[in-house]
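Heads up: the structure comes next, in structure tokens.
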């Protein structure tokens with residue numbers, strides 16, 4: 001079982017007087033910066049010119065170029081998209097790190113897969129809240145917190161663990177609990193969850209169910225409701241209390257169908273395929289493929305995305321959601 005740390009386990013003064021640079025001001029960046037500031041950390045924000053720059057300034061932060069922020073900071077937290085981190089690190093962060101600094105991430109992808117190679121004389125750790133930035137911020141302001149993971153990759157100063165816990169405490173995570181892990185474990189489990197279950201697995205299952213009903217002659221609108229729309233109701237029940245809460249809450253007919261039909265859909269063959277997915281994550285095959293795809297301009301990514309956006313389930317869904325303004329997205333979806 002994971003070791004869990006709380007507020008009482010933190011050396012609160014280990015980052016006292018240290019300057020923290022938050023590189024990036026998106027979902028996680030704004031939450032980290034604001035929570036740290038509210039906990040009396042000395043925070044600056046490092047960005048390239050754009051909307052985020054203006055937003056950070058509006059929120060009252062001193063904003064600098066990434067290079068300037070990295071040069072003045074003792075702790076540099078990189079909260080950029082995975083695919084952008086290596087370029088920004090090599091161009092603007094690496095040469096500005098000083099001995100004894102801390103280089104921090106919220107996901108281990110680039111360090112674990114050797115896209116970022118930190119100097120040997122800096123501490124390297126990750127602090128990864130297990131929730132989106134808006135939730136990290138909202139729960140903090142309400143006196144609560146989102147749990148987080150932390151891991152130490154390199155302990156150059158002998159105090160990397162203490163710094164990681166102090167940072168986690170600064171964003172409020174120790175109120176809920178901070179679980180110790182490794183860069184390898186965090187990266188590989190995160191990627192597996194996304195690919196086999198949360199994104200890849202669920203979308204493939206939803207589409208397969210929809211197509212099965214439509215191919216059998218059922219109206220696509222009903223297929224959409226049964227295989228996609230109602231998924232949120234079930235996931236919310238699991239989120240609140242696990243599988244047992246979902247099974248307690250649905251009808252006995254639905255629960256019996258779960259027991260007798262679920263194992264026929266997700267079979268041992270499915271688990272073997274999941275094992276293959278995990279192996280490709282572990283041996284770096286997935287990372288190499290994604291890095292190459294990004295460097296080539298993402299031709300397959302964009303082609304698949306465009307095709308998926310025109311699947312019948314999406315066409316029908318867009319029409320049905322016009323009937324349900326309460327589920328309309330708050331942000332633009334579709335092409336990236």
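The backbone N, Cα and C atoms fix where each Cβ goes, glycine too.
Residues annotated as domain 'KARI N-terminal Rossmann' in Swiss-Prot: 2-181.
Summarising the annotation, Swiss-Prot assigns NADP(+) binding site to 25, 26, 27, 28, 48, 52, 82, 83, 84, 85, 133 and lists sequence analysis as the type of evidence. DSSP assigns residue 48 (NADP(+) binding site) to coil in the three-state reduction, placing it in neither a helix nor a strand.
Per Swiss-Prot, active site is recorded for 107, and the stated evidence type is sequence analysis. Less than 8 angstroms from the CB of residue 107 (active site) sit 82, 126, 128, 186, 187, 190, each of them six or more residues away in the same chain.
Residues annotated as domain 'KARI C-terminal knotted' in Swiss-Prot, with sequence analysis given as evidence: 182-327.
Taking the Cβ of residue 194 (Mg(2+) 1 binding site) as centre and 10 Å as the limit, one finds 13 other Cβ atoms among all the protein chains shown. Per Swiss-Prot, the feature Mg(2+) 1 binding site maps to 190, 194.
Marked as Mg(2+) 2 binding site by Swiss-Prot: 190, 226, 230. According to DSSP, residue 190 (Mg(2+) 1 binding site) sits within a helical segment.
The substrate binding site feature in Swiss-Prot is assigned to 251. Secondary structure at residue 251 (substrate binding site), as computed by DSSP, is coil. For residue 251 (substrate binding site), applying a Cβ distance below 8 Å and a minimum sequence separation of six or more within one chain yields no residues.
Considering other CB atoms within 10 Å as the measure, the emptiest surroundings among the binding-site residues 25, 82, 226 are those of 226. Its own atom aside, the Cβ of residue 133 (NADP(+) binding site) has 22 Cβ atoms within 10 angstroms in the protein chains shown. When the alpha carbons of residue 48 (NADP(+) binding site) and residue 194 (Mg(2+) 1 binding site) are compared, the span between them is 29 angstrom. Its Cβ taken as reference, residue 27 (NADP(+) binding site) is surrounded by 15 other Cβ atoms within 10 Å in the chains shown.
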